[in-house]
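Data block below; observations after.
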């Protein structure tokens, strides 16, 4: 049904089509929008206009004309009338796409019958949707300028990272990539070479390598442009879309004045003392020193979202849904069963509060356990919304019969049996609520090689832990007592001290829901031989040598975790002290 266009010559050939051609512009890594194909088949059959209605899929990566659409996660649909691109719709908005197709086809039929004159369409110019330069097509390779920001260890310790990042985003800068790590001496000297001749520079190097820093790659946010027909907004049409209201944004009222630099903004916000900046970097080799996989990160946006299976679906078809979730490329980071309170149910179902079935919905939502999931994948938010479909079963069955809303509809309620956060910001709040973070103390021992240490840190991150604090230190007896206070009086404690004195240890605060028990599970049994038998994927099974040199250590319970953290990281303040 859909013509495949994967090079420039096929694109030019497609423009010779008479009538309307609807083009699904896609990225090579994710493929065409499967959710819309059912709608297109339905329209093809119902309208029965094979001579003037065509459908195509076009790979942006291999077509020069579509270069401005590359590296975009959101689906884009273009509408070509007799070779002229006259409209563009972003997102898998089935009702809006359907309405646009029907409107344009009806126009073509009236034109053919002599009932109307062909409108003078305003042709879409393929400018990067984020471009700042009005009216300039962006066919060439314009090199992106970035800034690198390093949030210093004292700001990380003081828990100012979230505040700084929020201010950066609020000012419409874009955080393209981020990482947190202990900077090496070489990295510090490289980044701060301009101040290397200052008398206290060596002390500064020691400070910058003493704990975790955050490295941010930041770009300037771009202006938004009016819709294709020059109107201020298409909100009247878009507001009819029942499951995408949260995506509506205010349109720009005109060109903005020249914006202040990233450094100027940090200074005005009085946060520049916590954050050092290198501005307007066009050479990504500089960025690669701090974030080696930046190009990969830039092209693949991993997004973490919260999803929920309502009680009826969880009770009857949980395994079917979980299989689809994994088949769609989502990784399940965390999951838990929870019986919602009436207040929680009303908050989650707020969009339905004016419906006559709202009372029945709340009763249903509190009648038994729901399954709450934290999911992650490329373009996770958009893909989950596209996968589950609209909030209304009626809408789903009409426009997106392949969506999970339509597939798993229950007779008891006319709404989607699956829930997803409206935005990444809402997802973060939802995850914090349903999976409140817990802190635990962790240690990587001296005998672990640098390469093994990196492997262990990778395992920690893959298990969903956030490394909230980290410092490398030689554990003297006094320092070791702060962590091993529970066994201080044991006969074998002197052997523990001897192992710890062999070199610096890496001491960390690890954060996630159920951090204490999950870290103990990831470490594995104390004896590496036993670990290799009972838990071969555990850290001790892979990197432990003996009972004493078993690679890692962790707090055994909440009390020990809190006490160890308070002793080792004296300035650390938990964001949720009632939990940890």
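Here the Cβ of each residue, glycine as well, is placed from N, Cα and C on the backbone.
Shown in sequence order, 442, 443, 445, 483, 484, 523 are the residues of the chain, 6+ apart in sequence, with a C-beta less than 8 angstroms from the C-beta of residue 553 (active site, pros-phosphohistidine intermediate). The active site, pros-phosphohistidine intermediate annotation in TrEMBL covers 553.
Per TrEMBL, ATP binding site is recorded for 445, 492, 520, 526, 540, 550. Take the CB of residue 520 (ATP binding site) and look out to 10 A: across all protein chains shown you find 17 other CB atoms.
As annotated by TrEMBL, compositional bias 'Basic and acidic residues' applies to 237-250.
The domain 'Nucleoside diphosphate kinase-like' (302-442) scores a mean pLDDT of 91 in the predicted structure. The annotation domain 'Nucleoside diphosphate kinase-like' is assigned in TrEMBL to 302-442 (among others).
According to TrEMBL, the feature domain 'Nucleoside diphosphate kinase-like' maps to 443-576 (among others).
Marked as region 'Disordered' by TrEMBL: 226-256.
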Cβ packing number for residue 540 (ATP binding site), 10 Å threshold: 24
Other C-beta atoms that fall within 10 angstroms of the C-beta of residue 492 (ATP binding site): 10
